[in-house]
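J.: The annotation active site, 5-glutamyl coenzyme A thioester intermediate is assigned in Swiss-Prot to Glu301 on the grounds of similarity to another entry. Per Swiss-Prot, the feature CoA binding site maps to Gly276, Ile277, Gly278, Asn279, Ile280, Asn391, Gly395; the stated evidence is similarity to another entry.
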Amino acid sequence: MPSLLSSRIRNAEFAKKIVTDPAKLVPYFKNGDYVGWSGFTGVGYPKMIPNALARHVEENNLQGKLRFKLFVGASGGADTECKWAELNMIERRCPHQVGKPISKGINSGRIQFFDKHLSMFPQDLLYGYYTRNRESNTIDTAIIEATAITEDGGIVPGASVGASPELMQLAEKIIIEVNTAIPSFEGLHDIVEIPNPPHRTPININRVDDRIGKPYIKVDPKKVIGIVEADYGDITCANSPQDETSQAIAGHLVDFFHHEVSVGRLPKNLHPLQSGIGNIANAIIGGLAHSPFKDLEVWTEVLQDTFLPLFDSEKLRFATATSTRFSPQGFEKFYSNYDYYKERILLRPQVISNHPEIIRRLGCIAMNTPVEADIYAHANSTNVLGSRMLNGLGGSADFLRNAKLSIMHTPSVRPSKKDPTGITCIVPMATHVDQTEHDLDILVTEQGLADLRGLSPTERAREVIDKCAHPDYKPLLREYFDIAENYCLARGAGHEPHILANAFKMQLNLLEKGTMKIDHW
């Protein structure tokens, strides 16, 4: 056994289960198997076994003949999951995914996909909701990345935890990939398993840095059929660069935080922050690094590169997540100063990081990006034009429904092929609703910030149009609302005015003419 691998596997019983050739484990997989992977937002995912299975399919022309029902906490690795999608190896997938081949498979009907709130996915697994057509509530195999195995057989995850504890609990067979290409993450995790009702008790987390579990995942050694060494790290890409739009949105939010502090609705160090993924999220965290706010705390799903400078500035005191999804440069920075960051970061299972009880208790400030939002503050996070799936709901609704402050941020327009302005992200009616009008407090674009707290639907519509819509679309949206309000009031139905015949006219015009700038209502 290589010395580096032996130093990571400190349990003699597990050391006997090392398999030097991943291909030797391929026969354990059968068509139609229920398979679970570790991983969340493209880090901490298994590499060697998925690649061995892909090679087996490719070399033996088994495309479409060896397919799996694949369960991952969120997205797996692009180098593995996309390859499986290209080879038609995924029959069913949930609850969240990233990658053009996967999206193509879903929208062509080849992959049966369903998204789910990320806090609920692991518990629904344990309830047996996704295995109800099987004789037992189990999955066939879980493939889990680890960075170490402790003396008493505990599995130390890597850059993410996700749903690994629940997948291991349900698996009939477990394969562990010990990744020696990255440092051991031992001590960075707080693992707790929540029992099913009626045996639940309150989750005793009152601060972002509270520890209530163990630094490893417990595993039944009898389930482990093999341990392989992974020889390369997580393959990630550079983060989306900030631009004028994202910086303007960040500026509006920082100004808003200043105002909330000045009137006493927020403390000077705000409340624990949750931030999604993308250039807007990066700009907001970057903006906080240059603000006077300090002693900040984070309770979120995913940590990105921009959190590292916030730590370095000593403005960020502590951060909890279920994943550290850094770029290659970000991981290099993280590893080079690992001892410093290790004392300030804690990774938890997604059932804890996204748990409504904790989010509400801590009073989190949730910030996420939708595909579109309508004038009444319903938001679509998943389906373009109501039907084309992007990635899935993720954890945005876990946070937005339960946060003290629920914020959605989006550009007012997105680029399009035919219209120089682009398509409007503020529409009369959202073509799909993931977050309802009851979930959002603040909507912000580069044009401005709409504070929707305590407003009626008609008041919200005026606020959203005036503050958030792009100037090229503002007159059209105002005209729609005015016509709808007059029409609905005249028939005694004016609470949330809509004209159903026209509500999707801008989207239909986009499909027919390539622009959302209609000639008339």
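Heads up, the Cβ atoms here are built off N, Cα and C, so glycines get one too.
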J.: Most Cβ neighbours within 10 Å: which of the binding-site residues Ile277, Ile280 is it?
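T.: Answer by Cβ density within 10 Å: Ile280.
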J.: Measuring Cα to Cα, how many Å separate Asn391 (CoA binding site) from the residue listed as 'active site, 5-glutamyl coenzyme A thioester intermediate'?
T.: 16
J.: Within 10 angstroms of the C-beta of Gly278 (CoA binding site), what count of other C-beta atoms is obtained when all protein chains are considered?
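T.: I count 15 other Cβ atoms within 10 Å of it.
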J.: What is the maximum Cα to Cα distance, in Å and rounded to a whole number, among the residues Gly276, Ile277, Gly278, Asn279, Ile280, Asn391, Gly395 annotated as binding CoA?
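T.: The CoA-binding residues span at most 18 Å between Cα atoms.
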J.: Relative to the Cβ position of Glu301 (active site, 5-glutamyl coenzyme A thioester intermediate), how many further Cβ atoms are located within 10 Å?
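T.: The answer is 30.
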J.: Translate the DSSP assignment of Asn279 (CoA binding site) into the three-state scheme.
T.: helix
J.: Counting across all protein chains shown, how many other Cβ atoms sit within 10 Å of the Cβ of Asn391 (CoA binding site)?
T.: 18
J.: Rounded to the nearest Å, what's the C-alpha distance separating the residue listed as 'active site, 5-glutamyl coenzyme A thioester intermediate' and Gly278 (CoA binding site)? Just drop the number here, would you?
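T.: Distance between the two Cα atoms comes out at 13 Å.
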J.: Far apart in sequence but close in space: which same-chain residues, 6 or more away, have a Cβ under 8 Å from Gly395 (CoA binding site)?
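T.: Same-chain residues close to Gly395 (CoA binding site) (Cβ under 8 Å, separated by 6 or more) are Ala74, His117, Leu118, Ser119, Glu301, Gln350, Ser353, Asn354.
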J.: Please report the three-state DSSP label of Asn391 (CoA binding site).
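T.: SS state of Asn391 (CoA binding site) = coil.
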